[in-house]
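Peer 1: Summarising the annotation, TrEMBL assigns domain 'Electron transfer flavoprotein alpha/beta-subunit N-terminal' to 4-194. Feature annotation from TrEMBL assigns FAD binding site to Arg214, 239-240, 253-257, 270-277, Asn291.
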Amino acid sequence: MATLAVLAELKDGAARKITFEMLAEARRLSDASGGGTVGLIALGALGPGESDRLAHQGADHIYHVEGEALSGYAAEAYAEGVKVALDRARPDTLFIGATSQGKDLAPRVSARLRVGLASDCTEFAFHNGDLTARRPIFAGKAFGRVAWNAARPRIATVRPNTFTPLEPDTSRKAKVENVPIGPVKARARVVGFERSEGEMLDLTEANIIVSGGRAMQGPENFELLRRLCKVLGATLGASRAAVDAGWIDHSHQVGQTGKVVNPTVYFAVGISGAIQHLAGMSSSRTIVAINKDRDAPIFKIASYGIVGDLYQVVPLLTEEFERALKE
Ligand SMILES: Cc1cc2nc3c(=O)[nH]c(=O)nc-3n(C[C@H](O)[C@H](O)[C@H](O)COP(=O)(O)OP(=O)(O)OC[C@H]3O[C@@H](n4cnc5c(N)ncnc54)[C@H](O)[C@@H]3O)c2cc1C
């Protein structure tokens, strides 16, 4: 029987989508192993009804760590928060989101506990009773299957948008245990967040992404893509060429040195499809490529390809989507 725990990623007291994705996978693994418990570690304030929501989507036991030290994200304080919760929960395996925060925190927790960490995992399975994980390597050109040594808990960061959250079951209940934490001396603390682009969802959580590349030629032409984003409720992405040219902020960059995304639909507009870009988006469910070069490598992985000039195609698509969605 496996005992798994998920570290909730919270924003203003509400769990982000990655939390529910990890809960679904933890639940599946736990059931597959004969029905162990799924713990959930929540650090800092939880909004009203949030514990119920987490229970409805798979958590059996919520370890709620609260204290002054966790009032804003600080890696050292959060690592201590995870540790005090793990001392109570004692899971075999801990899932942490492979998000900006999770990527900062997971190595710290792993080093502190001297246990193994598998990062950016996209699949888990039991082999002869032992858990293994599949993770992309060499910028997504290959996959590796990894196992942990005997030290517990195993820690894995989980790629966002890989697992589908469970349908909420309102009859499910979780035990909520409050875990105190004393003061922690943190050398750095995040004092605030600034939204980089209006009301758009973060790239890693977006269901639809419209990305522009070098063919955008300048910051002003990204307006074309913003209009399409608005119609589709999509988030704006970019290739490194566009970011390096200073046309758009790095927070929009998709790829090996940007964000790894996994949306339902990814529009690659005027992007050639370099391996480093593909490393960040090739697992998107549907890829639509718009490029005037019919031999552009992006067409090799595209589900739909439009060979044409983006300055003609994008306005037409925007108009057509607007009309179709109104209907
Ligand atoms: C270590 C390293 C890390 C990197 N990390 C990243 C990363 O994270 N993300 C990333 O994206 N890149 C990354 N790169 C850079 C990568 O190698 C490519 O240089 C980059 O992705 C190219 O961006 P692009 O496709 O926008 O530009 P280009 O390769 O120049 O492609 C532009 C495309 O636009 C098409 N086009 C031109 N005009 C039009 C038009 N009017 N209508 C339609 N199509 C048109 C062209 O046919 C062409 O295919 C990295 C490189 C290195 C070495």
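Note: Cβ is positioned from N, Cα and C throughout, glycine not excepted.
Describe the structural context of each listed feature in the structure shown, including burial, neighbouring residues and relevant distances.
Peer 2: All protein chains shown were included, and the count of other CB atoms within 10 Å of the CB of Arg214 (FAD binding site) stands at 16.
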Peer 1: Out of Ile271, Ala274, which of these binding-site residues shows the lowest number of other CB atoms within 10 Å of its CB?
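Peer 2: Among the binding-site residues Ile271, Ala274, the lowest count of other Cβ atoms within 10 Å belongs to Ala274.
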Peer 1: Same-chain residues six or more away whose CB lies under 8 A from the CB of Gln256 (FAD binding site)?
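Peer 2: Set apart from Gln256 (FAD binding site) by at least 6 residues yet with Cβ under 8 Å, we have Ala139, Ile275, Gln276, His277, Ala279, Gly280.
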Peer 1: Determine the mean pLDDT over the domain 'Electron transfer flavoprotein alpha/beta-subunit N-terminal' (4-194), rounding to the nearest whole number.
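Peer 2: A mean pLDDT of 94 is what the predicted model shows over the domain 'Electron transfer flavoprotein alpha/beta-subunit N-terminal' (4-194).
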Peer 1: Just to be sure I understand the packing, how many Cβ atoms besides its own are within 10 Å of the Cβ of His277 (FAD binding site)?
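Peer 2: So the Cβ neighbour count for His277 (FAD binding site) comes to 27.
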